[in-house]
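See structure below.
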Amino acid sequence: MRVLIKNGTVVNADGQAKQDLLIESGIVRQLGNNISPQLPYEEIDATGCYVFPGGVDVHTHFNIDVGIARSCDDFFTGTRAAACGGTTTIIDHMGFGPNGCRLRHQLEVYRGYAAHKAVIDYSFHGVIQHINHAILDEIPMMAEEGLSSFKLYLTYQYKLNDDEVLQALRRLHESGALTTVHPENDAAIASKRAEFIAAGLTAPRYHALSRPLECEAEAIARMINLAQIAGNAPLYIVHLSNGLGLDYLRLARANHQPVWVETCPQYLLLDERSYDTEDGMKFILSPPLRNVREQDKLWCGISDGAIDVVATDHCTFSMAQRLQISKGDFSRCPNGLPGVENRMQLLFSSGVMTGRITPERFVELTSAMPARLFGLWPQKGLLAPGSDGDVVIIDPRQSQQIQHRHLHDNADYSPWEGFTCQGAIVRTLSRGETIFCDGTFTGKAGRGRFLRRKPFVPPVL
């Protein structure tokens, strides 16, 4: 099958040009002017539009069981939503397995979840929920099989202590894998939460107050120092929500330490006032939403290059689940927001169309750097001969208001309801196949492929 995309502006992280793009058998074959492919072929007119590499979202949680509830998006509805939002690859953070389970256990479970459902290509981050000799021995074997990143938690049920973190950092570094971490100070959060609950203060606002930014920033600083102690091990901070943590990361980067960081649209565009609304429980996530000042600091990091990736942390629980389980108590509410369908459009509208970032920087944040960090480059995150024909076409002339009834996930609400975006996703192609076009999903379950990722190689700092 041949697909010729004509008259668009093709954008990569290192530049843009008005040119045609030819995809053949799912692979980009040629870029240039006046391409005349062999018949037959499909022609797509992208006049006035940007032609970007398909999005790479390296932080989703599909079909995750958090003990009190299972998220309502599985690998079909979640990847369907991703496709309709211009994302053609996801790397899912696997949930915790049974106490004492092997690393491989969750990989086998999650491959089963995704195999016949995923619409787009996918991989997984390993999850390390305890440390022993068997787990440490499994890491290099898992890395050789294409899992080149693993996640540690400093909070929640399976948090690791500093000694365990050091052991994990060392072994992951030796194995060619990147350590990712959810950084929050669990003890400080538990103390604050207990104070509020004892005082009967259980409204959504107290979720944010129980997890102040210092809890996150302290854990970021601690992880940076532990990574240095562990032999300058590479480190990736997930879902950054505040400027103090970013300051610590800037300092580490200035000292040439191999650290990278992602943030998410919710931390750029939503703020803590959401907790004071009638439906504030729908905004419970961790880290919580911060104030507008912290938003501004994150936007500075987006603009000046201090932040490397924009992902989503898509983790969907319905309002019915939230209200039934929490009964008005923030501490009992399952955490997470939907957003995998909105990431590309929100960042394009609030970043590119406002002049905060260039189209090239948009590519770097949404596809190129995620692909480079997580062993998918140049197959993903790039439009060049030999790369996968993963494409999102965005029309900057169109204005759209986000409405949940038009979205494709399995949630019963959107945190972005009513947001007006300048720029619309008009078509998504995965390996040359159109899977979304002009508001209609055209893909099918099970067409996504599991991606064996290459060992971690640090991009130039």
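Including glycine, each Cβ sits where the backbone N, Cα and C put it.
Around LYS151 (divalent metal cation 1 binding site), the same-chain residues at least 6 positions away in sequence with a Cβ under 8 Å from its Cβ are HIS93, HIS125, GLY126, VAL127, ILE128, THR180, VAL181, HIS182, VAL238. Annotation note: LYS151 (divalent metal cation 1 binding site) sits in a strand segment as assigned by DSSP. What Swiss-Prot records for HIS59, HIS61, LYS151, ASP313 is divalent metal cation 1 binding site, and it gives sequence analysis as the kind of evidence.
The annotation divalent metal cation 2 binding site is assigned in Swiss-Prot to LYS151, HIS182, HIS239.
According to Swiss-Prot, the feature substrate binding site maps to TYR156, SER286, ASN335. Mapped onto three states, the DSSP output places ASN335 (substrate binding site) in coil.
Annotated N6-carboxylysine per Swiss-Prot: LYS151, in sequence order, evidence recorded as sequence analysis.
SER286 (substrate binding site) sits 9 Å from HIS239 (divalent metal cation 2 binding site), taking the Cα positions as reference.
Same-chain residues at least 6 positions away in sequence with a Cβ under 8 Å from that of HIS59 (divalent metal cation 1 binding site) are, in sequence order, ILE91, HIS93, VAL238, HIS239, GLU262, CYS264, ALA311, THR312, ASP313, HIS314.
For the recorded substrate site, residues TYR156, SER286, ASN335 set the reference point as the centre of their Cβ atoms, and the other residues of that chain within 8 Å of it by Cβ are THR155, HIS182, GLU184, LEU285, GLY336.
Cβ contacts within 10 Å of TYR156 (substrate binding site), excluding its own Cβ and spanning all protein chains shown: 16. Put simply, the two farthest-apart Cα atoms among TYR156, SER286, ASN335, the recorded binders of substrate, are 11 Å from each other.
Listed in sequence order, the residues THR60, ASP92, HIS93, HIS125, HIS182, VAL238, HIS239, ALA311, HIS314, CYS315 complete the 8 Å Cβ shell around the divalent metal cation 1 site centroid, once HIS59, HIS61, LYS151, ASP313 themselves are left out.
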